[in-house]
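What follows is a short report on a single structure.
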Amino acid sequence: MHETCTIADSRATITASRRISPDTSVITLACPEIAGAARPGNFVNVRVSSSTQPLLRRPFSIHNAENGQIELMVKEIGCGTELFCRTEPGTELMVLGPLGNSFSEPSGTFSTAVLVSGGIGTAPMRFLEKAMTAAGKKSINLIGGRSQKELLSDNLSNCRFSTDDGSCGVKGTVVDLLDAEISAIAAEGRVKIFGCGPTPMLKALASYCRQHSLACEVSLESVMGCGFGICYGCSVEIANPEGGTRTILLCREGPVIDGALMV
């Protein structure tokens, strides 16, 4: 995992906002300082209103970064995200980032990156897929959701799907989909798994990868009120290589961790 060195609190301008599902938007913000420093897996904390309500900033994975702009995939799950999704282009907001660490740089230890995501966990995968493509790696996206209407695959390629109700792709979890696909994928070369999604999904993914000796990195979801280790809202337990467990702050030592450390 790669640590972030440069963090800026920038005044960013919304340049575009488009709906990709009934409750999810991709919002583009002009903020060159953050866009230039961002890496796949980083997140930003956005003050979604110029007023004191809501008080805390909201964290969002960086969906893409290019040409001095970042894209954020935002799902409406409360008053803050609903307000953000309905904010008009031209509005200026304060954005802190890039925050957290990032996925590891593509290396020669694998030829195919399998990007496993569930729900809004697809948010960082576009940026990660671009990095893999630039490094000459093949990417395959395995995307899961409760039903077809909840699948999010904005600008992703080589997508394969699973749904809990069987309305699209494999009926079952995205880990079931990985199990169905991995033999054929691995036959083409060495594989590394990259995951993002709800914690239960990531625990199941990490367990599967341990059982099958697959290298795996996961990006965890958590409440991140401050983004730099002051509020302690994002503490999680991970395995300690020397035995037992230890507590980390995801905003400082995450959100990306080695899947082998999931407990």
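Including glycine, each Cβ sits where the backbone N, Cα and C put it.
Predicted automatically and left uncurated, TrEMBL annotations should be read as such.
C251 is the only one of C196, C209, C251 that TrEMBL places in the [2Fe-2S] cluster site (with C226, C231, C234).
When the CA atoms are compared, the binding-site residues lying within 10 A of P59 (FAD binding site) are C226, out of the candidates C226, C231, C234. Looking only at Cα atoms, S61 (FAD binding site) sits nearest to C251 among the binding-site residues C231, C234, C251. Overall, the recorded FAD-binding residues R58, P59, F60, S61, G80, T81 cover a maximum inter-Cα distance of 16 Å. Figure note: comparing Cβ neighbours within 10 Å for the binding-site residues P59, G80, the maximum is reached by P59. Ranking the binding-site residues C226, C234, C251 by other CB atoms within 10 A of the CB puts C226 at the bottom. Around the Cβ of R58 (FAD binding site), the number of neighbouring Cβ atoms within 10 Å comes to 21.
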